[in-house]
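See below for the structure under consideration.
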Amino acid sequence: MRLIGMPKEKYDPPDPRRIYTIMSAEEVANGKKSHWAELEISGRVRSLSTSLWSLTHLTALHLNDNYLSRIPPDIAKLHNLVYLDLSSNKLRSLPAELGNMVSLRELLLNNNLLRVLPYELGRLFQLQTLGLKGNPLSQDILNLYQDPDGTRKLLNFMLDNLAVHPEQLPPRPWITLKERDQILPSASFTVMCYNVLCDKYATRQLYGYCPSWALNWEYRKKGIMEEIVNCDADIISLQEVETEQYFTLFLPALKERGYDGFFSPKSRAKIMSEQERKHVDGCAIFFKTEKFTLVQKHTVEFNQVAMANSDGSEAMLNRVMTKDNIGVAVVLEVHKELFGAGMKPIHAADKQLLIVANAHMHWDPEYSDVKLIQTMMFVSEVKNILEKASSRPGSPTADPNSIPLVLCADLNSLPDSGVVEYLSNGGVADNHKDFKELRYNECLMNFSCNGKNGSSEGRITHGFQLKSAYENNLMPYTNYTFDFKGVIDYIFYSKTHMNVLGVLGPLDPQWLVENNITGCPHPHIPSDHFSLLTQLELHPPLLPLVNGVHLPNRR
C-alpha cells in the first residue's frame, strides 16, 4: 500500500476572533444540539479539574496565560486535539504522554520555565507548529529549533533518540481450521505472502511516526529475513522486492535454506539504466526444492496486456496501460513424497502440477477500476499458462481446472471491493461501481472466460473456483499504517483441489495499543504489512479405490 503523503493535509488553526452564542431557553426546549469543539480556560488558573480530560471531542484547547506549574499525563486522553496552547504558564516539565497526542498540528509552549523536553514529543509526527520561545532550554535544543525547518529537525532528532523498549513481539497464534485427511491421499504444504516494503518507499515523508534508523534498509532487512525464516514456508510470495536485494540478499539467503526462486521487476526497469534498474521493485516466488520442481516460469506485464486488449478504449490506454505493475507465476511439479507412504495418486506416472501466482496491484484508492482490470488481466493470463501446462506430457487432462492454483497478492483492495468479489465469486458485473462508469465494456470481454463472443449476461467471469485462505475476518488488517488499517493482502486457492488446514493469526491488538504503536513500520515491525501464512492440503485429481469405489472429488 502506498500513501499519498504524510502528514501535510491542509490544517487551519483556530480563529483568534472566535465568537460564541448561548442558546436560548426556547432553543434548548426544542432540542437544539450544542456544538463546541474548542475550549478556553483563563484567569490565572493554577490547577485543572480532572473532568476536563473527559471532553474527548475537543479539537482545540486554550490554556495560555495561567499559572499552571504542571500538566497531568491524563491530557493524552484528549486524542482529538489538533491545537494546544500552553504558553505563558509556569511549566517546568511536560508529561511524556504528550507524545501520544499524535493528532496535534500546533503545540504552543512559549514563555514557560522548560529546561528539558521529553523525547516522546518526537512522536508528534503531524505537528506543524511548535512554539518554544522564552524557555531556558539547552543550547543543543535551541540550535536545532532555530534552524530552517527547525520544528521538523527537532522532532526527528527526538524521535530518533527516543529509547525503544527491548521487549519482543508476542508470537502470533496458529489457528487450526481442519485436521489433515487420514484416509484419502493428500499433500500438505505451507504458503507465505508478504509485502516487505521496498527501501525507496520507506521514507519519513510517508512514515513520519517511525524513527529514521528503523526505516533504514540495513536495519529492516534483518527483521524481514527473520520473519521469512521463522515462518519456514514451503512456498514464499514476496512483493516490493528491490531488484538488487533479490540477487544480493533474498536469493542467496534462501538458497542456503533449500529454496530456488523466480523474480521479475516492474516494467519500468526495461527503460532504465543499469544503475537505476537495481532499485526497481517487483515480485518474487520461492519454493523448497526438496518438495517442488520448477516446470515453467512466467512474467505478466499488465501494461502490455492492456495495450494488446485496449480495443480503442481511451480509459484502458490512459488509466490502465500507464501503470507498470506486474505479476509472476510458476508451474511446479509436486514431489510424490509429499503425499506420504501409501498415499500416492492412482497412476504412478502422473505428475501432480501446481501453479503459484503472485502479483502487486496499483495502490491508488482513486483507481479502483485499474485494480479490478489488472486482476482480471492477471487471472486471464494465468488461465493461458494453465492451459499450456495442462497439455504437457504426463499431465492428467487438458482441463485447466485439473491443475490447482495458489494465488498470492497485495491487491491493494479491501474485502468488499470488486477485486475480491471477482476472485471469490467467479466474476463481477460489467457495470460494477469500481469501474467508475468508464467505457471498458468491449475490451473487458477479452478477459471473460466465455470469450468475446460468448454469453456473459453482463458479467466478466473466470473459470477458476477460488477461495480465500483467510476468511471470516481471521485477520483484522494486513496493512497497518497511521492513515490506513485494513486487509489488502490475500492468499487464494483452488477449492476444488485444496482445503485450508490452518493460518497464522493476527498480532495481539492489545499489544499494539499498550505500546502506542499507531502505525508500521516500527522498530519491532520491519514492514507496513503483516505476513500471511497458511497450510494447505492438496488432493490429487485421481483418487484411489475405497471399498472398490472411486470416490468423487468432494469439493
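Note: Cβ is positioned from N, Cα and C throughout, glycine not excepted.
Worth saying up front: this structure is predicted, and the values here are computed from it rather than measured.
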- [ ] Check Swiss-Prot for me: it has E276, H360, P365, N412, N479, F484 binding substrate, so pick out which one of E227, E240, E242, E314 it puts in that same site.
- [x] E240
Open item on the list: Measuring Cα to Cα, how many Å separate P365 (substrate binding site) from D410 (active site, proton donor/acceptor)?
Closed with: 14
Open item on the list: In whole Å, how far does the CA atom of N412 (substrate binding site) lie from that of E240 (Mg(2+) 1 binding site)?
Closed with: 13
Task: Site with most surrounding Cβ atoms, counting all protein chains shown within 10 Å, from the binding-site residues N412, N479 - done: N412
- [ ] Quick one: of the binding-site residues E276, H360, F484, which has its CA closest to the CA of D410 (active site, proton donor/acceptor)?
- [x] H360
- [ ] For the repeat 'LRR 1' (57-78), give the DSSP counts of helix residues, strand residues and coil residues.
- [x] 5 helix, 3 strand, 14 coil
TODO: Provide the number of Cβ atoms within 10 Å of the Cβ of F484 (substrate binding site), excluding the reference atom itself.
DONE: 15
